[in-house]
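Presented below is the structure to which this report refers.
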Amino acid sequence: MAGSLYIISAPSGAGKTSLVSKLTEKDSRIQVSISSTTRPKRPGEEDGVNYVFLSVDAFKQKVAENDFLEHAQVFDNYYGTSKSVVESKLAEDKDVILEIDWQGAQQVRKLIPDAVSVFILPPSLKELEKRLRGRGTDSEDVIERRMSDAVNEMKHFNEFDYLVINNHFDTALSELHSIFLANRQACAKQYEKHSVMINELTQQH
């Protein structure tokens, strides 16, 4: 038995983190892959819970050892998804979510073509800006950069298998969960799980 790998991408402010957090509360089979990073630990963060915190040298060593499904440099910090961590979770029949951008999604799909990908969109640019401002943590320059980055990110929505519009949170959560539930009923997945029963049902007497 093995779980499925899911890629979930969205522009900053679309509500991806909140949706994924509620989804994992709702369905115990779904887990989020913990990324590795070289950025400094923030107050309240725990190593191995929020991120795996690595030195730059240790991160580059893992790149050299081909231990990342995808990795990228964001400003002055490196981020990556550990191949071994993801594989161990999938082997436990967990559905694993990678919260990565469109570039990371492209890298992962090359390695794991049957990964299921979902893109989350805000209902409008006006609403996206409102959500970014509502955080109250970013300067005007940062908000402008995030809005510009968001437009570039959203141009890649059609590279994904599914699209969820986060207009009403509960509706978007239900739609996102339905993707996971439907994928578990895929013929190949069901046969893997119930092969003995199905073979018995389809034997000629």
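Placement of Cβ uses the backbone N, Cα and C atoms for every residue, glycine included.
Noted in Swiss-Prot for the protein shown:
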- ALA10, PRO11, SER12, GLY13, ALA14, GLY15, LYS16, THR17: ATP binding site (BINDING)
- 3-181: domain 'Guanylate kinase-like' (DOMAIN)
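Under DSSP, GLY15 (ATP binding site) is assigned to coil, being neither helix nor strand in the three-state scheme. Same-chain residues at least 6 positions away in sequence with a Cβ under 8 Å from that of ALA10 (ATP binding site) are, in sequence order, LYS16, PHE119, ILE120, LEU121, GLU153, ASN166. Across the domain 'Guanylate kinase-like' (3-181), mean pLDDT in this model comes to 93. A simple way to gauge crowding: the CB of LYS16 (ATP binding site) has 22 other CB atoms within 10 angstroms, across all the protein chains here.
Taking each Cβ in turn and tallying the other Cβ atoms within 10 Å, the top scorer among the binding-site residues SER12, THR17 is SER12. What surrounds the ATP site, by Cβ distance within 8 Å of the Cβ centroid and not counting ALA10, PRO11, SER12, GLY13, ALA14, GLY15, LYS16, THR17, is the set ILE120, PRO122, ARG131, ASN166 from the same chain. The DSSP secondary structure for ALA10 (ATP binding site) is coil.
Each of the binding-site residues PRO11, GLY13 was scored by the other Cβ atoms within 10 Å of its Cβ; the lowest score goes to GLY13.
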